[in-house]
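**Student:** So Swiss-Prot has the following annotated:
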type: BINDING; residues: 11-18, 59-63, 115-118; note: GTP 1 binding site
type: BINDING; residues: Asp199, Asp201, Asp203, Tyr205, Glu210; note: Ca(2+) 1 binding site
type: BINDING; residues: Asp319, Asp321, Asp323, Glu330; note: Ca(2+) 2 binding site
type: BINDING; residues: 430-437, 466-470, 535-538; note: GTP 2 binding site
type: DOMAIN; residues: 306-341; note: domain 'EF-hand 2'
type: TOPO_DOM; residues: 622-629; note: topological domain 'Mitochondrial intermembrane'
type: TRANSMEM; residues: 601-621; note: transmembrane segment
Amino acid sequence: MSTAVRICVCGDEGTGKSSLIASLVKGVFVANKIQAVLPQVTIPPTTGTPENVTTTIVDTSARPQDRTTLRKEIRKSNVILLVYSDHYSYERVALFWMPYFRSLGVNVPVVLCANKSDLVSDGNAAQVAEEEMLPVMAEFREIDSCIRTSAKEQKNVIEVFYLCQKAVTHPIAPLFDYKEGQLKPACVDALRRIFFLSDKDQDGYLNDQEMQDFQQKSFDKPLSQEDLDNIKLTVSKSVPSSSTDKGLDLRGFLQLNKLYAEKGRHETIWIILRKYHYTDSLSLEDSFLHPRFDVPDYASAELSPAGYRFFMDLFLTFDKDNDGGLNDRELAALFAPTPGLPHSWAETSFPSTTVRNEAGHITLQGWLAQWSMTTFLEPKTTLEYLAYLGFETPNARETTTAALKITKPRKRRRRPGRVDRNVVLCYILGSSGAGKSSLLDVFLNRPFDTLYHPTIKPRQAVNSVELQGGKQCYLILEELGELEPAILENQAKLDACDLICYAYDSSEPDSFSHIVELRKRYPQLDELPAVYTALKADRDKTTQRSELQPDAYTAALNMSAPLHVSVTWNSISELFVALAEAATNPSTAFPRSEEPPADRASLYMALGATACAALAAFMIWRRSTSNAA
């Protein structure tokens, strides 16, 4: 919204432009002759101006020799006050002034002012408005409003400049189409989203309590029962087919705002829109969608308890049939106030990335897991959708970042102990056909598919895992597909990864050699904790064509032997627990052959302390010897 308003006062000579400005500044009519063009006037923000903006008023001359200055001032302004005072100057509004503004290519609102109304009897006021102003407004849509004034009688002097201010701070053009007599599509979309967010129980109606909450949020004051009844009465008269017994439905809500626009109360609509973070172009504020949220190196983003509670409540609200899953219709309703599914979700074939029920609908467990993964991989996407979906905090100063938290950096992975993470990422590396995709399927409780489907694009799967002691964490398994070389050469990708799972087919003789070659080709993998896994253990085990067999290879690294598992075994869940445990306690899973280097800092501190103690003992001995002598 504009924080400064520049008003260019235009009109024929003798219409009273300068007198209007002087009367506003002095507060009284200036009877003495004043200069033809007044100097620029700046009015500082006061409680009487809309949104407390700074207003600059520029007087102009209509003389041909001043046309260059006039053009310059019109182009610099963001609202034009066009003044006429008699029949001749009125005719010039349509014949000269409005076409002239258009020829300059300016796109600013115009406030039409019929000045010197003291020369017209009050009985003719309505006739003047109907016969003069309305036809011009109908012909030139850029005319925002019209008003009759008198500088001599101080009639509507303050009001005319207030209209100019409001034409900039609360423009009607983005909201209402006078030609069609309807709210504009962008305005309807914004109001529809606001209705959606206000309808907390999603029953299609704003009940009395929801109306009260909406009123308090929008206008910071309660709604009296009388005002509420009047709103319902107004809507029922305007839309006879809209019942208000259950509350205000979407149709009635839109009609109410349409009435505000028709009656010149579009300021009310703007107050509502801006409380819900809409800009003058009716898009959501970028700072609202994308608040500052920096994740330090080696740290990660996760949902906070408030974030998990919000997404859980959202799921329960839209699971209308209470079957424990969100079907396509329920998902569409949930994402109605957003641009649709997040781009990354669509790219990864959501909801195939998480837990679904037998009908293929995402469950609450899968829903929370999906948002946990999104927050870990793309925290800015989560923040954007929290804004779209209406996340709110009790503290008005807090942003959507209150729904997220940042974990402690885990730069030193070799340090013993658990990392401060509830969401961890594990890359599954192995040869084609080793069973990586089947591993992801069974992780999401999918049935085993005997057909081989090669993985082209990276594929992710996320689910919750219960660690030893009962703590829950979210484990993200990612198969890299054909992008494996690019990802393994990307240090930022490796820094984000918590664990490598080297998987090979224990029934295929050439499968393990792929892992050996992979570790030689990418030595940086040695900096990541790792778990070795022998898949397809339900088949006959075969000797691997490798210099060392898997057990001997891992023993040479002082690591645990490969875990032998099969996706057809019920015990497969133990593998996921082992992966989550290794990811959250990385010092137990490092692929290295030498013992960890001594902690030299501790050694130096110990030596320093010993030296200090020895020096102190020597000084005490020397002093006692001196005293004895």
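Any Cβ shown, glycine's included, is placed from N, Cα and C.
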**Student:** Averaged over the domain 'EF-hand 2' (306-341), what pLDDT does the predicted model reach?
**Tutor:** 95
**Student:** Can you name the residues of this chain that are 6 or more positions from Lys436 (GTP 2 binding site) yet have a C-beta less than 8 Å from its C-beta?
**Tutor:** Ile428, Gly430, Thr455, Glu479, Ala503, Leu535
**Student:** Other than its own, how many Cβ atoms are within 10 Å of the Cβ belonging to Ser117 (GTP 1 binding site)?
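**Tutor:** Taking every protein chain into account, the count is 22.
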**Student:** For Gly11 (GTP 1 binding site), what is the secondary structure state per DSSP, taken as helix, strand or coil?
**Tutor:** strand
**Student:** Which numbers of helix, strand and coil residues does DSSP report for the domain 'EF-hand 2' (306-341)?
**Tutor:** 20 helix, 2 strand, 14 coil
**Student:** Taking the Cβ of Thr60 (GTP 1 binding site) as reference, which residues of that chain separated by at least 6 in sequence fall under 8 Å from it?
**Tutor:** Cys8, Val9, Cys10, Lys17, Val37, Asp66, Thr69, Leu70, Glu73, Ile74
**Student:** State the residues, same chain only, that lie 6 or more residues beyond the ends of the domain 'EF-hand 2' (306-341) and have a CB under 8 A from a CB inside it; answer 'none' if no residue qualifies.
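**Tutor:** Beyond its ends, the domain 'EF-hand 2' (306-341) has Cβ neighbours at 192-193, 196-197, 200-202, 350, 356-357, 359, 361-364, 367-368, 371, 375, 382, 385-386, 388-391, 393, 402-404.
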**Student:** Could you give the Cα-Cα distance between Leu467 (GTP 2 binding site) and Asp323 (Ca(2+) 2 binding site), in whole Å?
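**Tutor:** The Cα atom of Leu467 (GTP 2 binding site) is 28 Å away from the Cα atom of Asp323 (Ca(2+) 2 binding site).
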**Student:** How many other Cβ atoms are found within 10 Å of the Cβ atom of Glu330 (Ca(2+) 2 binding site), counting all protein chains shown?
**Tutor:** 19
**Student:** Could you check what DSSP calls Tyr205 (Ca(2+) 1 binding site) once collapsed to helix, strand or coil?
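**Tutor:** Reduced to three states, the DSSP call for Tyr205 (Ca(2+) 1 binding site) is strand.
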**Student:** Given the binding-site residues Tyr205, Glu210, Asp323, Glu330, which one's Cα is the least distant from that of Ala537 (GTP 2 binding site)?
**Tutor:** Asp323
**Student:** When you average the Cβ positions of Asp319, Asp321, Asp323, Glu330 for the Ca(2+) 2 site, which other residues in that chain have a Cβ within 8 Å of that mean position?
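**Tutor:** So the additional residues around the site are Phe318, Lys320, Asn322, Gly324, Gly325, Leu326, Asn327, His361.
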**Student:** When you average the Cβ positions of Asp199, Asp201, Asp203, Tyr205, Glu210 for the Ca(2+) 1 site, which other residues in that chain have a Cβ within 8 Å of that mean position?
**Tutor:** Ser198, Lys200, Gln202, Gly204, Leu206, Asn207, Gly247
